[in-house]
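Annotated features in TrEMBL:
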type: DOMAIN; residues: 39-477; note: domain 'Major facilitator superfamily (MFS) profile'
type: TRANSMEM; residues: 78-96; note: transmembrane segment
type: TRANSMEM; residues: 108-126; note: transmembrane segment
type: TRANSMEM; residues: 138-157; note: transmembrane segment
type: TRANSMEM; residues: 169-189; note: transmembrane segment
type: TRANSMEM; residues: 288-309; note: transmembrane segment
type: TRANSMEM; residues: 329-348; note: transmembrane segment
type: TRANSMEM; residues: 355-373; note: transmembrane segment
type: TRANSMEM; residues: 385-412; note: transmembrane segment
type: TRANSMEM; residues: 424-442; note: transmembrane segment
type: TRANSMEM; residues: 454-473; note: transmembrane segment
Amino acid sequence: MAIIGAKEEHADPRLTRIAQADDIPWYKKPNLRFLYLILVPTGLGVEWTSGFDSSMMNSLQAVKSWTDYFDNPTSSRLGLLNAMYSLGALMAIPFIPTVSQYLGRRRTILMASLIMCMGAGLQAGARNSDMFLASRWVLGFGIPFAIVNASSMIGELSYANERAVMTSLFNASWFVGAIIAAGTTYGTFQMQSTWAWRLPSLLQLVPSAFQLGFMHWCPESPRWLVSQDRSEEAFAILQKYHSEGKDGEEFVRLEFAQIQSTIAAEKELASRFIWADVFRDAAMRRRFLLAAVVGFFTQWSGNGLLSFYMKKILALVNITDNRTVQQVILGNTCWGFINAVPIALIAPRFPRRRMFLICTIGTAVVYVVWTIASARASIENSTAAAIPVLVFIFVYSPFYNIGWNALAYTYMVEIFPYQQRAKGIAVEQLTVRFAVFFNTYVNPIALDAIGWKYYIVYCVWILIEIATVYLLFPETHNRTLEELSFMFEGKEMQDKVQKNVDKVLDVELEGIQRRSSNDGIQAAAQRV
């Protein structure tokens, strides 16, 4: 299969049609409702830590006691303080696939949460800049283990009808942590003691504490259980949450049969898979290329400036008052949450390519206008000229959220089969952390050196993103995970796997129909 091209063949979506025929909403299903509620602290809550970290580090730059305590860090030192989080994550990524497959989704998230609690404790108790740097590294080392497994777990546990929405809400949850951090820092920034920054630093452990406290009630991924030959446990979980515990439910039996058949086929390929096959096998090469591209684009679409260096951006348009900076950060973060949640609920209903194109074209237009407005503000040296810049800072958020926020993890879960999903999202995290490391270290230096002209780099880069999405991104909308498992392997492989799956599904259907017929005969006999 060619590396470039957007159109793909898909298997017959039999299970998708059955799921879509289910017109009972999730909130009227007690077990499924409980599952989604418990996935909030245990799965979605992982992104609270990411949002908290970015927003806190953004806000601390406008906290006098923090800048004084760390000797008014230079642009290079400030970049390193931010980038150390990504450096820790980069060093963790090679271990993620092996640890995830060995421990499973739940235990890996628990391990990561413990690491991040330790990091937050070190950060709050930092006695000097080096200790603060070390704590940032520990926090960064833990976060990718949690992100990879939480995003996978959400996709693998969710019912087919809500899977895309749930994975879209994962990234939207970033804003929950970001709002808490921005609000906390706004409340403490005038404190004269070091608690002005130690308290927000300590509160960064709260999301991880939620995972530690609630994970006991969260089920394991049934796909991981099947891969570990624990099929009875997997079926029990599917039956409890996808059919409300009803025995013989058609969808669950077919879903379970499809998972078993597909993972068996994946195992056959995975048994021969080594990392070198990423470069030799066209299908895997394309998957991992997409993972790398998505990871890089999510962090190199101009959002890094807003997430980490709002104080410097506002200084370029003559807004330097710390209270005003804190208010803009808090306001923009709240606005991001307000638009991210409805977008996460709506965006998965539409084709993925269309949403990514709207996202990239929209952010390109915003950045061009923002750059022009910043240039005028700089030339006129007027605070009034900063108003258009503030407007477009807020306009940027919904366009970014339509694609890179709402669909990044949805897309990753969809394009990778189970056996390679942890590896795929690990590669996505690798480019995410590389991009964030570069952004957080270079951005403050570049902004100090060339000011608003640095925005032109992003204007050009986002145009490259538009072309890449148009040429490279395949459509994955409206399919189950198993129906997407071999989408890159070519029609011959898809047909072969689908034929084997159909045989299993047909046997299951015959069994279901036979049991239904017997139940009907017994009921009639009892009436007689």
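Every residue, even glycine, has its Cβ placed from backbone N, Cα and C.
Where the annotation comes from TrEMBL, it is an automatic prediction and has not been curated.
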Are there residues at least 6 beyond the ends of the transmembrane segment (385-412) whose Cβ is under 8 Å from a Cβ of it, and what are they?
151, 155, 164, 167-168, 170-172, 174, 290-291, 294-295, 297-298, 301-303, 306, 313-314, 317-319, 328, 331-332, 335-336, 339-340, 343-344, 347-348, 352, 355-356, 358-360, 362-363, 366-367, 369-370, 373-374, 376-377, 421, 424-425, 428, 476
For the transmembrane segment (424-442), which stretch among 78-96, 108-126, 169-189, 288-309, 329-348 has the most Cβ pairs under 8 A?
288-309
Relative to the transmembrane segment (454-473), the stretch among 138-157, 288-309, 355-373 with the most Cβ pairs under 8 Å is 355-373
Per-region confidence, the domain 'Major facilitator superfamily (MFS) profile' (39-477) (mean pLDDT, whole number)
92
